[in-house]
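Lifted from TrEMBL, the feature list:
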type	residues	note
COMPBIAS	158-174	compositional bias 'Basic and acidic residues'
COMPBIAS	214-272	compositional bias 'Basic and acidic residues'
COMPBIAS	284-324	compositional bias 'Basic and acidic residues'
COMPBIAS	325-336	compositional bias 'Basic residues'
DOMAIN	63-141	domain 'RRM'
REGION	152-336	region 'Disordered'
């Protein structure tokens, strides 16, 4: 099958890596065209390369970008400062020569979130750092199946001067096939055929792979669960503290009441009278306690009126007695 005329000027990108396909301009080659591709193909068949075997690899690959074509004068500090424009940098590893310690011209930068990684993936590509135009790609070493690095004859991109060009990546994608695709031969060699119906324009940016939904849901669930547990523990501790404070305050109030009752018993006063003079009562409560109720006022009024009546009766009887004694004396004097 040949591609349609609409796809002649279109490009496509590889989802998985195959050394022979990466060495082809349109992904239809069935034979290696240079010795480096042959070496990468042998390493792939013999499984001599383990992408997860590097102990220096750390961090989340879905939050990590690859930065290439760096100047050999660029330091970790300069690269971190340049990448901080796009998000919070969590880890940064500038690859250096194992003997000389000189920079190899590429690095891996991990951000705090996947959103910041994608922002750097879109905006930092072809930016300038130390007078060098860099390229940015996602972490294909861990996320692209079948990946073979450049040092073993694989990789992507490359300069024309080297004569070892690799296709299928962001910097140099595959061209649309201009000849019939040999599906049978590609199937025998295990080479993935070029995609059908997924061609893109050169001005479109290929999207890096996303984290599987299950792992994202697990992380979100664990984060929500941990936050919910923390909130539950904080609420429990606060409720326990409030209960303990209430118990203490109630105990203090009970002890104060007991002491007041004891003092009242000693001085011969009732608890109701002592409650009026409680030191813990507010001014309004004390004013309210000093005011008598209507029934108390009536009883007090009746008792006072009775006392006044008794006093007036006594006074009137004494006055009568005195007047009668005076009359008796006056009468006796008039007889004599």
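Counting starts with 1 at the first residue shown.
From the backbone N, Cα and C atoms, a Cβ is placed for every residue, glycine too.
Automatic, uncurated: that is what TrEMBL annotation is.
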The compositional bias 'Basic and acidic residues' (158-174) - residue tally per DSSP class, helix then strand then coil: 3 helix, 2 strand, 12 coil
Summary of DSSP states over the domain 'RRM' (63-141), given as helix, strand and coil counts: 21 helix, 30 strand, 28 coil
